[in-house]
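S.K.: Once you've had a glance at the structure underneath, I'll fire off some questions.
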Amino acid sequence: MIELVTDSPHPIHLVDSLQNPKLFASLSTDFPLIFITNTKLNTLILPPLLDLARSLGFSVETLTIPEGEETKTGDTFLSLHQQLTDLNVPRQATLIGVGGGVILDIAGFVAATHCRGMPFIAIPTTLVAMIDASIGGKNGINLNHIKNRIGSFYLPKAVWICPRKLSFLPQQELHHGIAECIKHAYIADSAILPLLQDPNALKKEDKLSLLIKKNCLCKASVVQQDVRDYAKRQILNFGHTLGHALEMLFIGKIPHSCAISVGMVLETKLSLSLGVARSPAILHSLIQDLLRYQLPVSLKDLYMRAQIPPHNCDQILSALTYDKKKQNTPLPPFVMIEEIGLAASFDGRFCQTISKHILTKVLEEEFYAMHNN
């Protein structure tokens, strides 16, 4: 089965198996396929895919990098370029990224820049990659722990999503992807939330596939209205402004999803402080939805998980100044929620600059609660 979920802003296919020759039908055997993956997936998922490609007449090469966010660096990026150069790969070759968000970010950036652009196919193997990282063409690498400081917009030729590959993941890893599902529900599509009410239901393939499909459609719909991230696509940054600042400070001690979960809670508190959110019930609902999947909802939760001494308010404010969305203002703009399923439009900007005083107040209340509860 190959189901076209959407073809805009690029084709996204939901498949029941990657061992389907029809997936490769649009590719020419005149040019090689270059698979980029990590060392673990190179033995776990890739071999049958390589065998199929070879049986169809393709010449294939595999480039592997270590696992983890710490791999998302300029050194890794340049090493992959050097390997492609050593292989003398033509620009008509297709790069295929197989992995989670880190792999797809790096592989997509390499595809965008090698020989000024090569065809790229994404095969996401984590939930967060299936519903988020593989969609929309954003790619890049970190610089000095600053998230995605260097990167580009480069739409893939296709995305192939096989939900069955999630069976390789521990439940905790699956829950990490739920954070992005919850984000989509709160910014644009509240109809996603009923699919998340029973974590056990997601053990069923049909329920999980439906969740993936709805989230792909949600993100694709937002992106196709604003591919270059000047207006509505900004809403996908909900939770990520403070979340990325926290990731920068924690330096690999917490998963991306945990930082984003707390970021969403704090940014919803900002929405309430400024009178943008229409009811405190939004915050209560968000916290319950995150807790259902054992995701953190406070700074205290993060520090307990990371087992490191707390930072202070000034350190978080300083980290925010490196946010790539920051303009000629002390702080970057924030996405805010009006009601569940609706991000505030702010006259078409979809994000709002706030005063340092307001943010400091929210953060200080969070630190006070952490030290006194």
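Note: Cβ is positioned from N, Cα and C throughout, glycine not excepted.
What Swiss-Prot lists as NAD(+) binding site is 67-72, 101-105, 125-126, Lys138, Lys147. Among the features that Swiss-Prot reports, Zn(2+) binding site is placed at Glu180, His240, His256, with the record citing similarity to another entry.
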S.K.: Tell me the coarse DSSP state (helix, strand, coil) of Lys147 (NAD(+) binding site).
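M.R.: Looking at the DSSP assignment, Lys147 (NAD(+) binding site) belongs to a strand.
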S.K.: Just name the winner among Glu67, Glu69, Asp105 (the binding-site residues) by count of other CB atoms within 10 A of its CB.
M.R.: Asp105
S.K.: Nearest to Glu67 (NAD(+) binding site) by Cα distance: which of the binding-site residues Glu180, His240, His256 is it?
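M.R.: Nearest by Cα distance to Glu67 (NAD(+) binding site): His256.
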S.K.: Name, in the order they occur in the sequence, the residues of the same chain whose CB lies under 8 A from the CB of Ile103 (NAD(+) binding site) and which sit 6 or more residues away.
M.R.: Ile36, Thr37, Asn38, Leu41, Ile65, Gly97, Ala129
S.K.: Within 8 Å of the Cβ centre of Glu180, His240, His256, which other residues of the chain have their Cβ, at the recorded Zn(2+) site?
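M.R.: Leaving out the recorded residues gives Val128, Asp132, Ala179, Lys183, Gly239, Gly243, Ser257, Ala259, Ile260, Gly263.
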S.K.: Hey, how far is His240 (Zn(2+) binding site) from Gly101 (NAD(+) binding site), Cα to Cα, in Å?
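M.R.: Computed Cα spacing between His240 (Zn(2+) binding site) and Gly101 (NAD(+) binding site) is 15 Å.
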S.K.: DSSP secondary structure for Asp105 (NAD(+) binding site), reduced to helix/strand/coil, please.
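M.R.: Looking at the DSSP assignment, Asp105 (NAD(+) binding site) belongs to a helix.
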S.K.: Test of understanding: give the count of other CB atoms lying within 10 angstroms of the CB of His240 (Zn(2+) binding site).
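M.R.: Other Cβ atoms within 10 Å of His240 (Zn(2+) binding site): 24.
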S.K.: Work out how many Å separate Lys147 (NAD(+) binding site) and His256 (Zn(2+) binding site) at their Cα atoms, rounded off.
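M.R.: Distance between the two Cα atoms comes out at 10 Å.
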